[in-house]
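Visitor: This is the structure I want to talk about, given as structure tokens.
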């Protein structure tokens, strides 16, 4: 459906983020009409997984459909914008549709007499509001403002608890629902009347003489019975390779299609697959019943059923559960070894399944079904029966450990335990009469029962010795297969889950907490009957029980208004409606072709040739672009950082790392290109090649390094030997290892290249560095720079990943378009993007540190190894950033041995705080080590080694600035030395003393960030009607650049217009264009907004100088302030140049300065599972005078972690 919406309709709101139903960027609302009951059913769904052929007689609502520029925005869109809940905006339309879907569901007409919500609110509760976007990922904005926008619709919300917004001034105005954009249920028609009439007519005209098993022109078959389905199986055209059997197609998010299909058989319409039968024996669920419907059915049942429903609600995400089927999940577990939670839970509940083979119908236990050989495509799961265990003396518990607590992630381990017990009258102990212990997802083919442990436990009362023996037996049973990641952790989790369960059955043990939900560790316990232990005894501190709330403190200034005002981010409502145009939203030009990379899977090998499998997809290949297609005079270059080095666009003739581009498949559609690239078979040879260098250790052994230029190399400070001699204690060998990290911007790498006359080309690119991209493309094609035009309007998330790595896609499109003389566009699928992206630098650090008995540091030596990958990229600049962050402490003396290692892996690049993140972590690891060696409080050691201004100047030089600007000590003391901190620290100690199974910790960490200013251009042009167009070199990537530039423009021209706020509405910041705004530089380093604003201010100053005499002349004649439009009209008539451009360069004496901040975090760890919960985080950040506090608050509190305090 997503492909259809984006290529066959004007709709652009649903976005392709992951193609797996895992991010929510593509969410839409699907509505179905039942003519017999005259009812409409609505549900959210992932359009990237939903097949168009399954939507006959359905209505689809997108973000544009609920509100847009022309018809007015929906309150959901307005509130998301007003609560500052959109930064890059790529995920925002999906957020809107998830919230809208939750509102539609909550506000369905209820039973007679059900009270209506207060005016302006919905029936949604605050808890439901928090879960409304549980399946939607956002990588820029903290979830706090998003959740606030959701909760503003909830009738039980305290509006005063909601965060900063544009509807009322926090702390000054009263929060009232009347100040929010008005909401009323049913305002959006989700199912048009004409479609209802069409459906009714089709039902009236339907005859039984039309065979349902005849496909339409689209190749879809809709059998209406098992018999019709088997007749299709018996057809001579049926072939598993070219025919796909579907019910919802959500399995394609896990197991990607490897080829195109000619025909589809939709089994959703077979009545036997959709049955829901309740009886006193149990519940029968048809295999095609959705997971959401199953949750609804089980929720209205006995405690065991309710716990099954609770666990199923952690499977996938709401918009996947709405379409995914219970049977499909179980079939994937049986046939494809999918680590299913549903199979594990149903196995423990004693479920049975009914299946239809080619010859007969069988009823099997779920355990028997799972243990059979993988069933073929013609074997159909009909239904699943779950017995009713009643409510007497039954204990049922399910657990899962996964990366995310609310689901939307595959489990590391899942388990489900069911026991029937009886009481021993004499001892009062519980006797285990029956027990079922099911485990899954730990690295085996399917869920299974721990039979040996079950047999051991039957008939016993649970004691410490019994538990110990059960655990020993379980360790022999739980054996992850070879190649399973983290096998020891998975075994440990299984043991922990069993231990927790059995402890609840014992009467003499200190049982662990039951609601183990941090970091996705989830335990649902149900105990019934008269057992001695009950859930009410349990400690419930799970992350999903913690309310999402925070307090925010900001300092505003009116001195430079509208600069400094928390205005709403420019374009936020456009982003929410889906009308904001990203690169892939640009309509494809005529004759446009699409590309997909073929990449190497070998780290170091000769490329002998590329062939294609015989398949449907390979027939769609138009051509393959490779290094031989680079024009004469051009270079095989894919990226280049000025002065540091290049990286090749194509691996030719040798692939130097796994993931390197070998070629680009060109096809008529993006889907064809994706599929065709999967058919490529690359022939390798390693003859006469050295083994690949993959690690820092390998690089050191082979002396494989990049050598940073001297001006980038960090300098030692002080005399290390003297410092060590002054030390009372020494740690001579410590080590820190840091691995890589993927960017996960929501919009993957993308570009559109359009060839033009005279060897010119225009490229629409999602890039943070348009100027560098222009230069690299021109060098690749062998043409002058002025022949290449790069246009970037906005970027759907960058974090540094849209800098150097974006150049490769732009260059590949350019080479293909240049060769074929047709437009070519590429939008990388998520897997390819992750393989090629590079990401953060892995590091290995060895250190020696000296310190005195009171914790004062005297000397530090670092051996720093950085895995740069195959090309320099920005790696030579990384050591100075690492050391810059490390220098937040006074180490006394600092000595360095830095190695930037060249390896056969993808080039690592700048990633959100490149080097600074690692440097801060290294510093804290060393401080913790020192404190541990002294048995001292870590914060005491931190505080003792914070700089005085003299040592700050010694370590940072001119960047230290003036003593009055050094605020780190004050910030740290505000947090770590406050009475509140001491109270909380004491509470942590008390908690740890009384809790065996959970432990807490609290810590305060300071941070410094060295800002380096760069020259930046800006241009302000006033149109004849008084509207204002502004250009800057920077790119809007969600950081609010354009918003701040608009504010600065209004401020800069305020001398000419008394209504600065009115002037703000006249300003439009236009897209980055390398032929319009040269020397644009790059967007990064946390300086683009302020330097762009200064360039704009200088441009405005020039315009004020030109226009002020005309203004004074008009006012002297009229005796009143000159209206803005009259002023511009007069200036136009007087031929005044109404466009001014400036190129701001920093003062040589003030090129660098330092930002300061600190944070306190309180964390809880489950010692059985390793699950963690951030209970609270307090952030204090000194950003001087904020250009826009709303935008800056969003930037500071982007990580979604608890309580945020920000002083701006």
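Note that Cβ sites are derived from N, Cα and C of the backbone, with glycine treated the same way.
Automated prediction, rather than curation, is the source of TrEMBL annotations.
The shown structure was predicted, so the numbers you read here are calculated from the model rather than taken from an experiment.
What TrEMBL shows for this protein is this:
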DOMAIN    1-66  domain '2Fe-2S ferredoxin-type'
BINDING   18, 23, 26, 48  [2Fe-2S] cluster 1 binding site
BINDING   88, 91, 138, 140  [2Fe-2S] cluster 2 binding site
DOMAIN    213-391  domain 'FAD-binding PCMH-type'
BINDING   341, 381, 400  FAD binding site
REGION    520-543  region 'Disordered'
COMPBIAS  520-536  compositional bias 'Polar residues'
BINDING   768, 799, 912, 1085  Mo-molybdopterin binding site
Visitor: Nearest to residue 912 (Mo-molybdopterin binding site) in three-dimensional space, by Cα, is which of the binding-site residues 18, 23, 88, 91?
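Guide: That would be 88, nearest by Cα distance.
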Visitor: Determine the C-alpha span of the FAD site listed in the record, that is the greatest distance between any two of 341, 381, 400, in Å to the nearest whole number.
Guide: 25
Visitor: Among the binding-site residues 18, 23, 138, 381, report those whose Cα falls within 10 Å of that of residue 799 (Mo-molybdopterin binding site); none is a fine answer.
Guide: none
Visitor: Can you tell me the CA-to-CA distance separating residue 91 ([2Fe-2S] cluster 2 binding site) and residue 23 ([2Fe-2S] cluster 1 binding site), as a whole number of Å?
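Guide: One finds 8 Å between the Cα atoms of these residues.
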Visitor: Going by DSSP assignments with H, G and I as helix and E and B as strand, what are the residue counts for the domain '2Fe-2S ferredoxin-type' (1-66)?
Guide: 14 helix, 20 strand, 32 coil
Visitor: Rank aside, I only need the closest one: which of the binding-site residues 23, 768, 1085 has its C-alpha nearest to that of residue 341 (FAD binding site)?
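Guide: That would be 23, nearest by Cα distance.
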Visitor: Just going by other Cβ atoms within 10 Å, which of the binding-site residues 400, 912 has the emptiest spot?
Guide: 912
Visitor: Count the other Cβ atoms sitting within 10 Å of the Cβ of residue 768 (Mo-molybdopterin binding site), across every protein chain shown.
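Guide: Residue 768 (Mo-molybdopterin binding site) is surrounded by 27 other Cβ atoms within 10 Å.
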Visitor: Excluding 18, 23, 26, 48 themselves, which residues in that chain have a Cβ inside 8 Å of the centre of the Cβ atoms defining the [2Fe-2S] cluster 1 site?
Guide: 2, 15, 16, 17, 19, 20, 21, 22, 24, 25, 46, 94
Visitor: For residue 48 ([2Fe-2S] cluster 1 binding site), write down the residues of its own chain that are at least 6 apart in sequence and whose Cβ falls under 8 Å from its Cβ; none is a fine answer.
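Guide: Set apart from residue 48 ([2Fe-2S] cluster 1 binding site) by at least 6 residues yet with Cβ under 8 Å, we have 1, 2, 14, 16, 17, 18, 19, 20, 21, 26, 253.
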Visitor: Going along the chain, which residues six or more apart from residue 23 ([2Fe-2S] cluster 1 binding site) have their CB under 8 A from its CB?
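Guide: In sequence order, 17, 91, 94, 136, 137, 746 meet the Cβ cut-off.
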Visitor: Fewest other Cβ atoms within 10 Å: which of the binding-site residues 26, 140 wins that one? Let me know.
Guide: 140
Visitor: Would you kindly give the Cα-Cα distance separating residue 1085 (Mo-molybdopterin binding site) and residue 400 (FAD binding site), rounded to the nearest Å?
Guide: 40
Visitor: Taking just the CA atoms, what is the gap between residue 768 (Mo-molybdopterin binding site) and residue 88 ([2Fe-2S] cluster 2 binding site) in Å?
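Guide: With distance taken Cα to Cα, residue 88 ([2Fe-2S] cluster 2 binding site) is 13 Å from residue 768 (Mo-molybdopterin binding site).
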Visitor: Name them in sequence order: residues not among 768, 799, 912, 1085 whose Cβ is within 8 Å of the mean position of the Cβ atoms defining the Mo-molybdopterin site.
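Guide: Residues close to the Mo-molybdopterin site, other than 768, 799, 912, 1085: 798, 800, 801, 803, 910, 911, 913, 914, 1037, 1083, 1084.
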